[in-house]
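Engineer: Take a look at what TrEMBL says about it:
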DOMAIN    42-293  domain 'G-protein coupled receptors family 1 profile'
TRANSMEM  24-49  transmembrane segment
TRANSMEM  61-83  transmembrane segment
TRANSMEM  103-121  transmembrane segment
TRANSMEM  133-158  transmembrane segment
TRANSMEM  198-230  transmembrane segment
TRANSMEM  242-262  transmembrane segment
TRANSMEM  274-295  transmembrane segment
Amino acid sequence: MSVFNSSGLYPRFLLTGFSGLESIYSLISLPIFLVYATSIAGNIAILFIIRTESSLHQPVFYFLSMLAFTDLGLSTTTLPTMFKVFWFHAREIPLNACLVQMYFIHVFSIIESAVLLAMAFDRFVAIREPLRYAVILTNGVIIGIGLTVTGRALALVFPASFLLKRLQYRAVNILSYPFCLHQDLIKTTVSSHQVSSIYGLLVVICSMGLDSVLLLLSYLLILVTVLSIASKSERIKALNTCISHICAVLTFYTPMIGLSMIRRYGQNASPIVHVLMANVYLLVPPLMNPIVYSVKTKQIRDRILKKFKKQKV
């Protein structure tokens, strides 16, 4: 068996689409293209509306801008290899390109998790301290939160790429998905990957694991605060401000948990199921977030309708 590492010739990595369905890739690529087009257009629209409407220059919409930018980054990171596989049947990807894609997929995923946590904090402050909302969440605080969540993601994922670069691989390595993920690359190694596996687990615990616990705590505090409000109509109004965010959280974490469960307990499941769950994990949040916020957030919805009316006139 031929073995390669970073000091010699580079190994070959082959991406995988829906095995056995190669003859209908042209049909499969159509809905994938529509998902990407809708995701990118939707998130650009959110960013454009918030940027151009001064009335939306508020903390909640700044966090929404972070979420839209993160979704845009996640979509554009996976798009090249997805279309390469489904449109051109070109599966090969160099090791360095695979590591770069893996790095940015996980960076944007960790950033999205942190942004959702920041948005939960925003909702807590808005409900608990409505009169001091703008005083607590100043532009400086928001910029600091944005830099912190970005810096954390960049710093956490970088060593994982470096550790994978040092491992040995077979001459030809078949990946499970049409994009590169850390846990998938580890499976292809022929050298000991214990350190890389442990570090990958620590990254998940210190990022999405910690964020999910703090998210639950935030909503517990929000619920306690809402229940302390005397007026029933005010309680409902306060909870309604959280609906869009709750949808975004469920859209992000549900596919991620589903993919983890499939990987852990679905060894006998069809490879198509694994690929489908991975695609849902990376494609659905960037697609659904702008749709949810456009429909459920009155300020965003009104601005979108206003833009359309102007175009018709």
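Glycine too: its Cβ is placed from the backbone N, Cα and C atoms.
A TrEMBL annotation is a machine prediction, not a hand-curated record.
Values in this document were obtained by computation on a predicted structure and should not be read as measured data.
Give me the local environment of each listed feature.
Structural biologist: In the predicted model, residues of the domain 'G-protein coupled receptors family 1 profile' (42-293) average a pLDDT of 93.
Counting only same-chain residues 6+ beyond the ends of the transmembrane segment (61-83), those with a CB under 8 A from a CB of the stretch are 15, 29, 32-33, 36, 39-40, 43-44, 46-47, 50-51, 93, 101, 104-105, 108-109, 111-112, 115-116, 118-119, 122, 139, 142, 146, 149, 178-180, 248, 282-283, 285-286, 289-290, 293, 297, 299-300.
Residues 60, 63-64, 66-67, 70-71, 73-74, 77-78, 145, 148-150, 152-154, 156-158, 160-161, 179-182, 203, 207-208, 211-212, 214-215, 218-219, 222, 245, 248-249, 252, 282, 285 of the same chain, all 6+ positions outside the transmembrane segment (103-121), place their C-beta atoms under 8 angstroms from a C-beta of that stretch.
Note on the transmembrane segment (133-158): residues 58-59, 62-63, 66, 103, 106-108, 110-111, 114-115, 118, 122, 125-126, 203, 206-207 of its chain, located 6 or more positions outside it, place their CB under 8 angstroms from a CB of the stretch.
A Cβ distance under 8 Å defines the sequence-distant neighbours of the transmembrane segment (274-295), meaning residues of its chain 6+ beyond its ends; these are 16-19, 32, 35-36, 38-40, 42-43, 45-46, 64, 67-68, 71-72, 74-75, 78, 105, 112, 176-179, 181, 244, 247-248, 251-252, 255-256, 258-259, 262-263, 266, 301, 304.
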Engineer: Quick test of the contact rule: Cβ under 8 Å, at least six residues beyond the ends. What residues does that give for the transmembrane segment (24-49)?
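Structural biologist: Sequence-remote neighbours of the transmembrane segment (24-49) are 17-18, 56, 64-65, 68-69, 71-72, 75-76, 79, 82-83, 85-87, 89, 279, 283, 286-287, 289-291, 293-294, 300, 303-304, 307.
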